[in-house]
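As given in Swiss-Prot:
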BINDING   21, 22, 23, 37, 60, 61, 62, 63, 119, 152  substrate binding site
BINDING   203, 325, 351, 352, 353, 354  ATP binding site
C-alpha cells in the first residue's frame with residue numbers, strides 16, 4: 001500500500017481535516033451505548049493535537065435525510081463524549097460549510113472541534129464534486145482515518161481527498177490495512193478463514209475469493225446449512241438456499257483443487273423452533289429430522305474445527321457459527337472463540353456479530369487485530385479495491401481521478 005501517512009506529514013500550524021468513523025450506537029435517550037469506534041480514533045486525534053495542528057473532525061452518524069438537520073443524528077453526544085475522553089473542551093460546529101466557517105477560522109494550534117454530521121450536507125452520498133471542493137477548501141491537510149467507510153465513495157471519504165492540498169492516511173486506517181494485508185497478501189500458513197452468517201448469497205463473492213487463497217475454509221451459521229445440503233444431507237426446515245447448492249459445490253471443488261478444503265459439520269445442534277427456550281438436541285448430520293432447524297455446530301465438529309484453528313498460522317474470522325445469542329446454541333461459537341484465543345496464529349476478526357461474540361466470551365485481548373469495519377472488512381476480503389484507499393494511492397503517485 002503506497003500512500004502518504006499522517007505521521008510523515010508536518011502538521012504544526014496546519015488546518016487538519018480528519019475523517020473518522022464516529023458512527024456509534026445510541027439508545028432512545030440519545031446516550032452512546034458502545035464507544036469502541038470513538039476510542040479507536042483517539043490515537044490519531046491525540047497525535048495530530050500533539051503536533052500542533054488545528055484539528056477538525058468529520059463523521060457521519062446514522063442515515064438522516066440529506067440536506068436536513070435531524071437532532072437524532074446530531075454528533076453533539078459524540079463531541080461531549082470526546083470532551084470527556086480527551087479531558088478538554090471539544091466544541092460541535094454546525095453549518096460548517098457556510099455560517100459556521102467563521103468559527104473554524106478562529107481555531108488555534110492545538111484546538112479540536114467536531115463538525116456536525118456530514119450527511120446533513122446535500123451531495124455527500126453521491127460524492128458531489130462541488131461539495132467535495134468546499135470541504136477541501138477548509139484544510140491544508142486531509143486525513144482519511146475511517147476504515148469503516150473506506151468502501152464508500154462519498155464526499156467526506158473520497159471526493160474531499162482528491163481536492164485537498166495534501167491527502168494522507170491516518171494511523172487507524174494504516175493499522176487496519178496493514179493487518180488485513182498481513183492476513184491475506186503474505187500470510188503465515190496454514191491460512192484458515194471462518195465465514196459464517198445467515199445466507200450464502202450475501203457472502204458468495206467472499207467465499208469464492210477465499211476458496212482460492214486459504215488452506216481451510218470454515219463455513220458456519222445458515223451458510224453451513226447450504227453446504228450440508230450440497231454434500232447430500234437433509235437440513236430439515238433450517239435456513240438454507242437450495243438454489244445455491246451448485247455454487248457451494250463449486251466452492252468446495254475450487255478449495256480442494258488447490259489442496260485446501262471446506263470442512264463440513266459431522267454433528268449439529270438442532271431444535272424444532274427458532275427460540276431461546278426451544279429444547280436443543282445434538283445429532284449426526286445424517287439424522288437431521290424433517291422438522292428440525294440446525295442452530296449450531298455439534299461438539300465433535302467444534303473439536304475438529306478447534307484443532308484446525310490451533311494449528312493455523314493465520315486466521316480470518318467473519319461470523320458466528322451458531323445462534324450464539326441463545327445459550328443453548330452458543331457452544332459452537334464459544335469453542336471457535338476459545339480456539340482462536342488459544343492459537344498462536346495471527347488472527348483478525350471483523351463484523352458486528354463477530355465482535356459481539358468476541359466480547360461475550362471475553363477474548364478481546366487474545367485476537368491479534370479486531371477490525372472496526374463491517375462492510376469495508378468484507379469488501380477487502382472479496383478482493384475489491386476500496387475507493388478511499390485507491391484515492392490515497394493516486395494522490396501519493398501524484399495523479400487524480
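Quick reminder: no glycine exception, Cβ is built from N, Cα and C everywhere.
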Residues that sit under 8 angstroms from residue 62 (substrate binding site) by C-beta distance, when 6+ apart in the chain: 23, 72, 73, 117, 119
Residue 60 (substrate binding site) and residue 325 (ATP binding site), distance between Cα atoms, whole Å: 29
Local Cβ density at residue 354 (ATP binding site) - other Cβ atoms counted within 10 Å: 25
Cα separation, residue 203 (ATP binding site) to residue 60 (substrate binding site) (Å, whole number): 26
Largest separation between Cα atoms (Å) of residues that the record links to ATP, namely 203, 325, 351, 352, 353, 354: 21
Candidates 21, 325, 353: member of the binding-site residues with the richest Cβ shell (10 Å): 21
Local backbone state of residue 60 (substrate binding site), from DSSP in three classes: coil
Neighbour-count leader, CB within 10 A, binding-site residues: 60, 203: 60
Maximum Cα-Cα separation (Å), residues 21, 22, 23, 37, 60, 61, 62, 63, 119, 152 listed as binding substrate: 18
Residue 23 (substrate binding site): tally of other CB atoms within 10 A of its CB: 20
For residue 352 (ATP binding site): intrachain residues, at least 6 apart, with Cβ closer than 8 Å: 374
Rounded inter-Cα distance in Å - residue 353 (ATP binding site), residue 21 (substrate binding site): 18
Candidates 203, 351, 354 (binding-site residues) - the one closest to residue 21 (substrate binding site) by CA: 351
Under 8 Å by Cβ from residue 351 (ATP binding site), same chain, sequence gap 6 or more: 318, 319, 371, 374, 377, 378
